[in-house]
Each structure stands twice: as C-alpha cells, then as structure tokens.
Amino acid sequence: MKDWRYWLAEQRGTLLAFGIFIVMFAIYSANHPAGFTANVVQTAANKGVLLAFVAMAQTLVVITAGIDLSVGMIFTLTNCMASWLVIGTGLETAFGVLAVLGTGLLCGAVNGAIVIYGRLQPIVATIATGAVFFGLALLLRPVPGGSVNEDLADFLTGRFFGVVPASLVSLLVIVLVVWVPFSRSEFGRAAYAAGSSETAAYMSGVPIRRGKFLAYTLAGLLAAIGGLFLTFFTYTGEAAYASGNAYTLFSIAAVVLGGVSLFGGKGSAIGAIFGALAFRTIGDLLFVFDFDPLWQPLFQGVILLIAVSLGAFALFRVRNRLEWFL
Amino acid sequence: MDAATPLFRMEGISKRYGGVRALEKADLTVTAGGIHAILGENGAGKSTLIKIMAGVVAPDEGTMTLDGREVSFASPAAANQAGIVCIFQELSLIPELSVADNIVISDPPKRFGMIDRKAQRRIAEEALARAGASDIHPRALVKDLPLSRRQMVEIAKALARKPRILILDEATSALTAADVAKVFEVLKRLRSEGLALLYISHRMNEIAELADHCTVFRNGRNVASYPAGSKSDNEVVELMIGREYSHIFPPKPGPTAAATTVLEARNLSWADRLDNISLSVKAGEVVGLGGLDGQGQRELLLAFFGVLRGLSGEILIDGKPVSIASPTAASHGRIGMALIPEDRKTEGLMLPMTVRENLSFAALDRLSKAGIIDRAAEQRLIDDMVGLLAIKTAGLDIPVGALSGGNQQKVVIAKWLMRQPRIILLNDPTRGIDVGTKQELYQLMRKLADAGAAILFYSTDYDELIGCCDRVLVLYDGAVKRELVGAEITEHALIASALNIHGEGAGPRQGAGA
C-alpha cells in the first residue's frame, strides 16, 4: 500500500467530518437569501468557533479515554472573569487575557490532578469540578453584566481584509500553537497511547501520567479561549447554567461527529472542529428552510444518532462475542 | 562463549502472590553472547522470573546483579534503561498507533520538542529490517495487522531499544513457519553481536535449534542447568515432572459402558484458533482438556457455550445437531449447559453486588413467575447451594467481592448449579484458590458426574487432570493431539504430549486432526 493510502486511512474521521460540514454549509449558503457572502460566512464562523474551541478541549480529554463534563463550566467561568478583567488600557487588557487563560489552565490542571493522582473516574470528577466552576462563575456574575475591551473584541470578531473572518483566523492560530505541538509531542503521543491501551503503554515505559495531565490542562486552556471569545461576541459575562451544560453536551456530540473515538486513542481536534461547525450548521439549515426553531434539538439528535451509528458497523465483524464488551 | 564474567545474575529470588508461592529461592545466570533457554511446565515460575527481570513485579527477596553491580527495577522503563528488554507473551503494542509510533514509543526522536517523524520513520524501517520484517509498512496501524505481523513488530520494537539482554517469552507462538525461520536468523545474529538472549518456549525443536544453555524450572525453583543438547527430550520431561502432590482426589468409578453421549463435537474449527476438533462426553463422565496454556482450550469451551461466531463443524447434544447462538441459548431449555469461567472477577461475578444477587443471576428465569422473582423459592435454592458447597460467607447480603478467592469461585459454581445443568464446562476453575477449597471442588465435580452430568474440565494443573478425569484430550495448536484414557493419564504422558513430543509410543492415538 502507498503512503497516501495510510494517510487517508488515518484522516478518515476528520475528512468525513469535513465532508459533512462542506455539504451542509453548501446547502445552507445556497439557500440563504444573501447567498455565499463574506457577511454570511462571518456570522456562521462566529457562531461556530465557540463550540469549536470547546470541542477541541473535549477532544484532548477524550483521546485519553476520559471525558470532561466541566468544559462548558470552564467556558462559563472564564466568560464571567473576562467580563471583569479584559478591559481598560492595552496593558490592562493583556493582563486580563493572561489571567483568564491562566484560570483555564488551572481549572484543567485541577481536573487532571484529581483524575490522575486521585484516581477518580473522569466522569464523576468533572461533574463535581464543573459544579464548583459554575459556583465561582455565579459569585463573579450573580446577574449578567460587565463589559469588555471593545476594540479588541471587534478586531477579533470582524474581518481581515474585508473577507476573512477574524475568528476563523484565531481558531487556526490556536490549532497551530496548541494542537499541532501537542499532537506531535511525546506527551501527546502518551495521551493517545494511554487512551488506546493503558497497560501496553505502561509496559512500554510511556509517560502516561504526564501525557494525561497535559491533556486535561490544555483542555482547560482551550475552554478558556472559548470563554474569552464568548465575551468578545456578547460584550458581557453571564453565569448561564443551561448554556454551560449545553456546550458540554454539544462538545461531546461534535467530538463524535468529528471521528474521535469515545473509547480513546483515536481522532484529531481538527476533526472535532469540523464536527462542531457541522453541528452548528444544523441549526442554520433549519433557519433557511423556515422550520420552526422548536425542531432544532430533534434534528440535531437525529443527525447525531446517524453519525454515531456509522461507527458501530465494525461490531458486525467481531467473531468472539466477548469482544463486544471490551 | 565467554563465561568468565556473567552479565546478569539473579540469586535467591522469591515471590509470593497471596498464599501462592510462584518463585522460591531461584537463581539464574546470564552470559553475554549466548542464547539461554528456560523450560518448565505451566506455573513452574518462568513468567514470574522474567517479570521480575523486566521490572514488572518486584521480588519479595533476593538480589539481582548487572555487570557485577546490584540493581533493582522500579518499572519496566527502568529495566529498559539498564538494557533489559522483554518481549512479552501478551503483546505490549498500542493498537490505535502506527507501527512506527509503536517502535519508538519509549524514546521517540525529537526535534524542537516535537517528535521528528522523519527520524522516527527511519528508525522504524531499520528496526523492521533488522527483525526481518521489511514487508510491514511503518504507517500501518497495529490493530489492522494480523497477530503474526504484530509479533514481528514487537520484536522490531525491542531491537530499536538496543538491548543488552533480550527476553523472548513465547515470542514465536503466533508466528508462521517462515517468520520463525527469519526470527531465528535474527536471534543468531544478535548472539554473535554479543547480546544475551533468554528464550522461553514450549517448542522443544526450537530450543534444540537455538539454545546454547538450558535451565529447567519446577515448582518455582531452578532444578537443573545444562548445556543444550546434553539431555534427551525424555530426560528433560523427567526434570520437569516432580510436582509436589498435595491434593487428595475422590476415587474414580471406573469405566461405565452404558452411558449415553450427551455432548459431541464434529470437526469444529474457528478462525485459526481451533483446528478440526472432534470429541464426545458421556453422561457421568469427567473429560479433561490438557496441554499448554493457550492452545485453544478456552476457545473450545467458548465455542460450545455459544460465544464464538463463524464456527465450522457441528455440535451435537444428545446426538442431535444444534446451533447455539448465545450463552442464554446454551444454558436454557434442553441443552442445559453451564460454563464456569476462568476469570471469575470479570466473567463470573459482579463483584460489588451481593452474594444473593450473584447466586440467582443465571437462574432468574426459573425463579420468577410472570417476571416477578419468587423470593421464597430463591431463598430455598440459595440455602441448598450454600449448604451443598459449604460457602463461607458472613451473610447473603454482603458484596461477593468481600469473600475469599476460593469462596468466590464456589459462588460462581453454585450460581450455575442453581440451573441444574446437564453439561458443565469448567475453564481452569482452581486457579488461585486454596488447597482446601480445591479438594472440595474435586469432590463436587465427581458428585455431579455421578448424578449424571457430563463434565468437560480444562485445567493447567496436570495433577488435577490425573486425579479427576476419566479421559484427557491434549490440545496443541488448536487441535486434539492425543487422547489419554484411564491409567494412561500420567504426568509424563501429559507433558510429553503437551510439548508434542513423540516418544515412548506417544503418537496420536485417536486421529482427531493433526
């Protein structure tokens, strides 16, 4: 077999998510009253990148065969923080951004420490920490409010050269600065190895703990970047419980659509990004076809079910039924 | 061979697991530039020995010296660093990663803090070439490779670490003949390069071809060490025999001619694990499955129990062909089969649930009326079972995980006896339980057989097969190699046929596939 075929096999999940997204977005923009214009793309991008950041965060943890149910709450907490801190002069704003990102890192590190060194199941640990993060968000913003450095916000949510959505460029930069180095580092590989077969990884002398810890920590950072962008879009901070939870659940959906295996060890954040963009487009599609918005959850659910079922076909080839349960 | 300074030495190594003694004051000396074979039957302590060498488990006592300096390994990584690399029987490859990723996994080449993929590719290609497996593409995912290719990757991975001592634990068990020849060339080349190789295999012909030196283990001790070729196969078997007899077995009733055949298999094959197996078990008979661990015994039991898909051949119950599609189908209705699994913790019990719940799981359909469990009937049956098997428990409502290993195993058996099965399959049921409980199980097995059950009993303990079985079928490479009846069941015959040695008239008796 040729090298490119292996590449194709490796990227199948990502390419499939990319394909789904392109098809859906093509249908969407073809039926949009304004057509495929810079404005339409910018609006879609701004809605999509928030979930894309949170989905990237979720990917890192899912790769280690864990799950992070606190990403949505880190997203909410950092949104509330940013609405206090990312304001004022350039220097003050820069400090605020660093503080918000630092908080995200810290939240992720706490999750990682509890899961890895406390040996708690990720699902339980992150439900608990998620509640704590939301509690802190509520203390920061008992009622919605606050503001943000609007120059920075407008710059990062507008368009470069009048056509390229700045939020998409930011997403690309984050992918290059966070995801690419992680996935190609020894610790990134350790995270994959731990997710695929922790015993084999241990027997091979892989730094499992550091790999997993880094994955959880960077997940916190990515969720915080999402929270920062939320503030840029809304100009306010709000401790919204429903929205935080929705982001957590949608991030899992996006990850699955993006070809990342919930069993761990397989998938890429790029796929999850396209999964997130595709998932967002479902809502937009309903809009252009004049469906009642009430249909949205139903449609999202159906699309998700179809996508997940595709992954289950492999089970038909299993010859020892005990392997179903592995 | 330069035998002046041993490269590595183990002295007085002991290891216990719970109350079971795995190694008792074992010694081993390894010299550079030689291939050292380690022999011994199931449970003789070979696996524990190499796990200690490779840093997987820590010894209870004893010392290890490398280059004359005392060493101890806290983890496999520490042993690797000292130059000891082990190719384990259970593969240590990560399925979702590529071949190249796996080969460099413990120390990937780096540039600017990131893994250098070009260098990785080069290392992987070199290592695969050294292992004689250039046909494997470095980008292929390990999970997509067949078992024999994975084993070659495992060897390449070990070589990429530049070991000084390379341990191969049954490393050729899944290889094709062509691969074995290639691997042998590689091993001989490594020997000439000055590596020390430890070779663990049950295949006597391989050992004869490769080894310079042999050490035999028995009951956790090294009992003999000799230059390869200085002893005949039969002498080696004699050395391996000598297990301490500590069990008391119930008397066998002797041959009963009139009984009807209950369970029968004709030409059963599955994937590459079962090869044309035919056998029959009569009512009241205890038939043993012997042979080395992992020769298809477990798969055979799973095949009867409806777990495997894509079986070819026939299974007959009471002389009529049946198709068994699931464990539920196997245990219900007129088939009435029960399987006592080998790993009670994952396949036999729900550890956090109570003794009562665990006991009734398999029989719930018999205990319920219109879907509601008849508590009184359940209690009666459970009381019967607890009495019959003398299960020692502080109560029926404590988690089954709190019982001792022996009592847990009794619960697994009792759970199936609640269905009053006619066919009982046992998969190494006495592993890791105490002697007292073992004896109770032997008595029980005979009692059930006397009551008319047909029993198929796999054990890794030859002593048990001798003591309990009316007939023993010895499996090798997924096929029945020999059938031993009555007085023919001796330790010598069992070991010789398990190693597939044809000596002393040990040729296949009943041609059930070769």
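Cβ coordinates are placed from backbone N, Cα and C, and glycine is handled just like the others.
Keep in mind it's a predicted model, so treat the numbers as computed, not measured.
Features of the protein shown, as given by TrEMBL:
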TRANSMEM  A:12-30  transmembrane segment
TRANSMEM  A:50-67  transmembrane segment
TRANSMEM  A:74-91  transmembrane segment
TRANSMEM  A:97-116  transmembrane segment
TRANSMEM  A:123-140  transmembrane segment
TRANSMEM  A:160-182  transmembrane segment
TRANSMEM  A:213-234  transmembrane segment
TRANSMEM  A:246-263  transmembrane segment
TRANSMEM  A:270-289  transmembrane segment
TRANSMEM  A:295-316  transmembrane segment
Spatial neighbours of the transmembrane segment (A:246-263) far in sequence, C-beta under 8 Å, 6+ residues away: 12-14, 16-17, 20, 50-52, 54-55, 57-59, 62-63, 65, 67-73, 75-76, 130, 195, 226, 270-276, 278-279, 300, 303-304, 307-308, 311
Recorded stretch, among A:50-67, A:97-116, A:123-140, A:160-182, A:213-234, maximising Cβ pairs under 8 Å relative to the transmembrane segment (A:270-289): A:50-67
Long-range neighbours of the transmembrane segment (A:123-140), counting only residues six or more past its ends (CB under 8 A): 67-70, 72-74, 76-77, 79-81, 84, 107, 110-111, 114-115, 237, 239, 241, 244, 248
Cβ-Cβ under 8 Å with the transmembrane segment (A:50-67): same-chain residues at least 6 beyond its ends: 74-75, 108, 111, 115, 122-123, 126, 171, 174-175, 178-179, 182, 191-192, 194-196, 198, 211-212, 215-216, 218-223, 225-226, 229-230, 233, 247-248, 250-252, 254-255, 258, 260-269, 271-273, 275-277, 279-280
For the transmembrane segment (A:74-91), distant same-chain residues with Cβ under 8 A (at least six beyond the ends): 50, 53-54, 57, 97, 99-100, 103-104, 107-108, 130, 133-134, 136-137, 140-141, 145-149, 152, 220, 223-224, 226-228, 230-231, 234, 236-241, 243-244, 247
Non-local residues, at least 6 beyond the ends, that sit with Cβ under 8 Å of the transmembrane segment (A:213-234): 46, 49-51, 53-54, 56-58, 60-61, 63-64, 66, 68, 71-72, 74-79, 81-83, 86, 97, 100-101, 103-109, 111-113, 115-116, 148, 152-153, 156-157, 167, 170, 174, 178, 182, 187-188, 191, 247
